[in-house]
Amino acid sequence: MSLNKSMHPRNRYKDKPPDFAYLASKYPDFEQHVHTNLAGRAMLNFKEPEAVRALTCTLLKEDFGLTIDIPLERLIPTVPLRLNYIHWVEDLIGGRGEPRRGIDIGTGASCIYPLLGASMNGWHYLATEVDDICFDYATRNVEQNNLSDLIKVVKVPQKTLLMDALKEESAIVYDFCMCNPPFFANQLEAKGVNSRNSRRPPPSSVNTGGVTEIMAEGGELEFVKRIIHDSLQLKTRLRWYSCMLGKKCSLAPLKEELRKQGVPKVTHTEFCQGRTMRWALAWSFYDDVTVPSPPSKKRKLEKSRKPLTFMLLQPTVKELQSQASSIGCPSNPRPVETITAWLEKTLSDLKVLYKRVPCGRKEQSLFLTVVENNWIHGRQRRRDQGRHLRELPRAPPSGISTTPSSVTAQHHSSTQIPDSSHSDSHTPTAAQGPGSVPQSGTNRANSQGASGQEVQSQEEETSCVPVKDSGTEEDVIMESSPTSITPNTTLAQTALPTTTQKQEAIITPEEVPTETQEVNATGQEVTQPQSPGAVQHFLFKCLVNVKAEEQDVAVEIHWVEGQNKDLMNQLCTYLKNTLFRVVAKPLGT
């Protein structure tokens, strides 16, 4: 009964659900529907109409002293959910002690609302019903409980709601009306076709009820709108009008309808029982009524956000302390300081922004802002980096010249290029194969007359431009240089930005810079991590707490905000595994 904690506070079943074993031992008619599971717990099959009926009749007899009969082909109500509605009406009319008069629209065969209201609070009821079978059963149920002086069951024509029912009661002002309207518009909707979210589990109980009880033209939305239109004519004949709703999506359009009609007092609530949710809407034309507050969004059921936690036992902590000097920790650091330092080193390697925040004496806290995911595919990333470092630009084959005229033809430009004989001393030569070191200076062309260019600086970006000459294709290494043409600048160097440069000009949220350049007191540039609070685009933010647990150390990671909690789970696993790898394979080995 997962939603029972959200039942009405006065509902007797909120903290004490029915004891099936006890009820089975006391009521033989109920016992035949109770079975014991493998764990020894008494269970009831809610898919069987006979079992549901036996439970309803048993609860009414045990807890309220009511004896009723319900046919299987008509709606079988659940007692805890109906009791929620009764308690909410008590909140609307301001108490249970004073005699009250109410109307139950479509009372059903059980006549459960009038029976509960009359037996608990002494309320007077006018109960209407359009179905002959339901009317007969409701009348007998009232009579056998000796409540005929409080409950009057009347048979009304089809589609009769409030107006026709109150024709003979023109002098009476009622305190409230209740209604459990037909929820569905047709048979397919009643079976859940195109009306039930496919992700929801199937209903846990059987759906009983006659056609007039579960279906109406337009469903519950149009049914309640008809009650609203009747209330616009009756107005102060009733202090409160109310209806139960089976679909949450019906609540908003009905509230909008009331707003358009200028109804001054409107409220709503939720009814919870087991896995069943219902909603109720109430409105009044009286200015002196007290309007109960609707349920707060904060009261909605939410799973408590437990932090992600992993524990580092004493032997692991000692091993990390022994290696703490390798990451710059002072001698004999405290366990919490040691683990925090190792976490900070790992976070720095991942380029995760962090800062220490105030906390207790025996713990350390880090506020993390994760901008990019650097902890997955780490092995592949390191392999790609190593391959990139091993790959150097290819030198043109000997004997193939890369004259300025060929470059000019490639770019279809008419700009005059200085003769290579005038610029040998200024034109570098290309590296001679993989693994060779770029050379600087005034190297001349080789004995075969082939000339090239060399990389002047490792910090400058290079790009390869394919050049076709005499049916061959080769790569020419070009430097990134200013766009102005100088005697030592080829035309290819003034071309439009390369594809690589265009890609680098597009900054995605994952490419937000995490470091900034600052100048210290000596005039040197120092790389400083960007402040976590200054980052506008991030994956998620979390708080890491490192605290001592006797001889062990616990690490907790609390979610703050972000896009996906799964990423925080991945980061937690990565941090834990990294610490364990350090212990298994110390640094430097």
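The backbone N, Cα and C atoms fix where each Cβ goes, and this holds for glycine too.
Per TrEMBL, S-adenosyl-L-methionine binding site is recorded for Arg82, Gly106, Glu129, Asn180. The region 'Disordered' annotation in TrEMBL covers 380-489. The compositional bias 'Polar residues' annotation in TrEMBL covers 399-430, 437-456.
Around Gly106 (S-adenosyl-L-methionine binding site), a 10 Å sphere centred on its CB holds 24 further CB atoms from the protein chains shown. For Asn180 (S-adenosyl-L-methionine binding site), the number of other Cβ atoms no farther than 10 Å from its own Cβ, over all displayed protein chains, is 25. In sequence order, Ile112, Tyr113, Leu116 make up the list of same-chain residues 6 or more apart from Arg82 (S-adenosyl-L-methionine binding site) whose Cβ falls under 8 Å from its Cβ. Neighbour count (other Cβ atoms within 10 Å of the Cβ, all protein chains): 26 for Glu129 (S-adenosyl-L-methionine binding site).
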